[in-house]
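Visitor: According to Swiss-Prot, the domain 'Histidine kinase' annotation covers 191-416. What Swiss-Prot lists as domain 'Response regulatory' is 569-686. What Swiss-Prot lists as phosphohistidine is His194, and the listing cites sequence analysis. Taken from Swiss-Prot, the feature 4-aspartylphosphate applies to Asp618, supported by sequence analysis. Under the heading transmembrane segment, Swiss-Prot lists 21-41, 47-64, 77-97, 100-120, 124-144, 152-172, citing sequence analysis as support.
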Amino acid sequence: MIVSMDVIKRVYQYAEPNLSLVGWMGMLGFPAYYFIWEYWFPQSYENLGLRCAAAVLFGGLVFRDSMPKKWQRYMPGYFLFTIGFCLPFFFAFMMLMNDWSTIWAMSFMASIFLHILLVHDTRVMALQALFSVLVAYLAVYGLTDFHPTTLIEWQYIPIFLFTYVFGNLCFFRNQISHETKVSIAKTFGAGIAHEMRNPLSALKTSIDVVRTMIPKPQTAAHTDYSLDAQELDLLHQILNEADDVIYSGNNAIDLLLTSIDENRVSPASFKKHSVVDVIEKAVKTFPYKNAADQHSVELEVHQPFDFFGSDTLLTYALFNLLKNAFYYQKEHFSVCISIEQTSEHNLIRVRDNGVGIAPEMLEDIFRDFYTFGKNGSYGLGLPFCRKVMSAFGGTIRCASQQGQWTEFVLSFPRYDSDTVNEIKTELLKTKSLIYIGSNQAIVRELNQLAVEDEFGFTAISAQQAVRRQDYEFEFDLILLDLDDATAQGELLPKLEGTLSFAEGCIGYVYDPGKTYAVNINRYLRIQPISIHSILRKPRKIIERLLFEQESLSMNRNVIPLQKSRHERRILVVDDNQSIRTFTAILLEQQGYEVVQANDGSEVLKHMESQNIDLVLMDIEMPNVGGLEATRLIRNSEHEYKNIPIIGYTGDNSPKTLALVQTSGMNDFIVKPADRDVLLNKVAAWV
């Protein structure tokens, strides 16, 4: 057969999703155009019978799913006949019968486009078109009395040929892209199945071993069972091996995902990394098959360097190279990974003494899906390595002596090179920055830089920031001005609670000439930035915060904090003994001296008998409440009448807060307050 049935079935399967639409268009369009060409724009020849036959054929495509099952198996052949009859044959026949009129020449060209779209196989389409046009000629000259004045209108032929040839070329390009995607999907599925079979088999074996160590439920006669030391060690060994198997399986999946996903080779997560740290971790975590393989890998560090890129991508690239090396190993096998520098580039050399690669294959090994002599391989590893190195601004090349050695050289641009700076500049355009503060000089500098470098910039005050939800801080860089955040004692703890959910880098802008009466959240990763540095070199500071986080010291101790004054005495007044005791312990741990009272009536007695620097008082107490006690203090004629008083209340309604202000209290804390809120509030007033 010129065209096999398998090819016809593939053509039908490709067109099947669009057949209902095409069928309805043909079933309705063929009769409708009879009236157009017969009455609206009359042509010299029309054939209603031929149009009805075409409409009936297209109707079969519309109702194909309603046909008996035994008929549906013939649908591929029926489809091919219908397309051949209704497109190239019908339009060629009508063009000849209308003596090559312009309207029918244009109609024939339109049918060519539809023919190319519906029959994706170029050979089938070309044979069908040629055969149908020949049959049309035979029908015109052999079955009708009409004979066209011109056998072939040669001026139309170049246009028809151009449409067929270039239409097929464009369609062929799209088809190749489609088949590549399908191939990638199949490869990915096959890779997952292959890579997971061994880990699952290992887990199954581990489960079987554990099952032999425990009694079966049917034979269990006791409620308690004991394990000896050997059995316990074996169980732990099995569990550890199971963890290793799961880790290896996850690595395999991640490697496959990054190998086939173009988006994963993206500079979005690029940062400054130490190549030695990355390679040491990769060599340590690579899923070796046995201890001998692990001992065969040697790392030589001649000149360490930093690179701009992704540590994860470089790790997976190295995994690919090691995986290939171990697959083609031979006796006395070894791998040497060396790190060195030249005058222009930084290099990683991965050299093994395996079987080597033939010279004629060296040019093909970086092509997608190319593989040779390797069962279970899908030709994704080395192309992935090339994509990674290209994204880093570098290259990868291979040299080999067949039967002796293979060496891959990964070349990186220097960290301070123009290549890396260009990558940073483009990457900076995708970043977003928010400044939380009221320093207009900083706002102007950052806004100007944002315009020049085209990154997103937002500026808000600390008061505005505390009203935002945590999801509204999805920025790559967050700069918090301590001058604004500490203007009121309670803002910083609230902001730190919200920022603890942020994934971006957080910088605290401080003035070295000031001291801050705050306790910075020890669990929050922050980078201190002096106000002078960000005003002098804003671009350098931002690039360091975005791209060099791991190499920054993050020494929060450079922020000048107000030293605790251990001689300060605080009076804690609360009728709840638990709260009073807890608060006293917390303050004493910070070096304060604490005096306790359980009612407002005792406040004046303590203040008359000793020096008190701050009163922390509950508002609602049974005998004399905090508001009344505050009024008594403010209305007295003693020196302590101006002592700072912080109210402690569980009611934060506007009415209660208004009473707090009118009573003479300096500040308030809403119950329940966490440790940082309490300490920051106290530090702000003593």
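Cβ coordinates are placed from backbone N, Cα and C, and glycine is handled just like the others.
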Visitor: Just to be sure I understand the packing, how many Cβ atoms besides its own are within 10 Å of the Cβ of the residue listed as '4-aspartylphosphate'?
Guide: 23
Visitor: Mean pLDDT for the domain 'Histidine kinase' (191-416), as a whole number?
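Guide: Averaging the confidence scores along the domain 'Histidine kinase' (191-416) gives 77.
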Visitor: With DSSP helix as H/G/I and strand as E/B, how many residues of the domain 'Response regulatory' (569-686) fall in helix, strand and coil?
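Guide: For that range the per-state counts are 58 helix, 24 strand, 36 coil.
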Visitor: So what's near the transmembrane segment (124-144) in sequence-distant terms, Cβ-Cβ under 8 Å and 6+ beyond its ends?
Guide: 2-3, 7-8, 11, 80, 83-85, 87-89, 92-93, 96-97, 112, 115-116, 164, 168
Visitor: List, by number or range, the same-chain residues at least 6 past the transmembrane segment (21-41) whose CB is under 8 A from its CB atoms?
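Guide: Distant Cβ neighbours of the transmembrane segment (21-41) are 15, 48, 51-52, 54-62, 64, 86, 103, 114, 118.
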